[in-house]
Amino acid sequence: MVIIEVNNNSASAKIALQGAHIFHYARKGEKPLLWLSDISDFQDGKAIRGGVPVCWPSFGMNNPNLPQHGFARTALFEHQSTKEIDANTTEVILTLSYSQETLTLWPYKFELELKVTVSDKLTMELITKNIDDKVFKITQALHTYFPVSHISDAKIKGLNNKPYLDALTSEQLTQSGDVIFEEEVDRVYQEVNSEVLLVDRDRTIHIQNEGSSSVVVWNPWIEKGKRMSAMRDDAYNDFVCIESANAFEDFRLIEPGESHTLKATIY
Ligand code: TA6
């Protein structure tokens, strides 16, 4: 696999060309802000387990003609540019354009760009451009895996009173208080318009989203954790997914010539 490694005065990062998949980001002298399975595959055609999978042009099984979470996360992106903005900031741009292969899966002409800015924050902008002559609909997510010291210590602030779809029961519910983890959690929070905090024992991770009003929170817990590929049975103790999304009702229609940016900033 072709990997882009970034090192500057602020931080280090690693991005695979496959899937434009960021799988490492750490600020200088700090623990990584992304979780990566220690038994992840690094094989062409298999999604890396951890980091920030790019789920596009569909989230989950929204589109039965596409693989789970779409085809972008195992597609080979092109490295467009790497720019040293300053000694503390590096910008990497990766792109994916439509092809005969993608047209058979998803009959639309598109350009997809991931702009990654590595500094004392990690900024990701997933830009979808419609270069076709007909409108198309996408659901998507930056499916970010965050490390936690132990799942029982983790809680998420900023989703209080938000409605959510419980993907396990298909119930529509409302969050009361912080999100804590005592069982499998797989929820699509809606109407999210402010910062989300992942509060761990010894640090708080900030997630700020733009171009998105849905946030997916997932932890597989014990049984599903055992079924997940490239994940140790006890790995559910070590991470929480907080996904910056346009999922379910937060889908986006993109008109010919238009574009949409899903932006996530974490620190
Ligand atoms: O975002 C949560 C989720 O949809 C879970 O239901 C689980 O399937 C997870 O994504 C991982 O999916 P993956 O296709 O990466 O194994």
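Just so it is clear, glycine is given a Cβ too, placed from its N, Cα and C backbone atoms.
As written in TrEMBL, here are the features:
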ACT_SITE  His143  active site
ACT_SITE  Glu243  active site
BINDING   Arg49, Gln68, Arg73  substrate binding site
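Annotated features taken from TrEMBL, shown on the structure.
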residue: Arg49; record: substrate binding site; Cβ contacts under 8 Å, 6 or more apart: Leu36, Ser37, Ile39, Ser40, Asp41, Met228, Ser229, Ala230, Met231
residue: Gln68; record: substrate binding site; Cβ contacts under 8 Å, 6 or more apart: Gly60, Met61
residue: Arg73; record: substrate binding site; Cβ contacts under 8 Å, 6 or more apart: Gly19, His21, Ala47, Pro53, Val54, Cys55, Trp56, His143
residue: Glu243; record: active site; Cβ contacts under 8 Å, 6 or more apart: Cys55, Ala141, Leu142, His143, Thr144, Val215, Val216, Val217, Trp218
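Within 8 Å of the Cβ centroid of the substrate site, not counting the listed residues Arg49, Gln68, Arg73, the chain contributes Ala47, Pro53, Cys55, His69, Thr74, His143. DSSP assigns Gln68 (substrate binding site) to coil in the three-state reduction, outside any helix or strand. Residue density at His143 (active site): 23 other Cβ atoms are found within 10 A of its Cβ, drawing on all protein chains shown.
In three-state terms derived from DSSP, Arg73 (substrate binding site) belongs to a helical segment. Among the residues Arg49, Gln68, Arg73 said to bind substrate, no two Cα atoms are farther apart than 14 Å.
Taken in sequence order, the binding-site residues Arg49, Gln68, Arg73 that lie near ligand 1, meaning a CB under 6 Å from one of its atoms, are Gln68.
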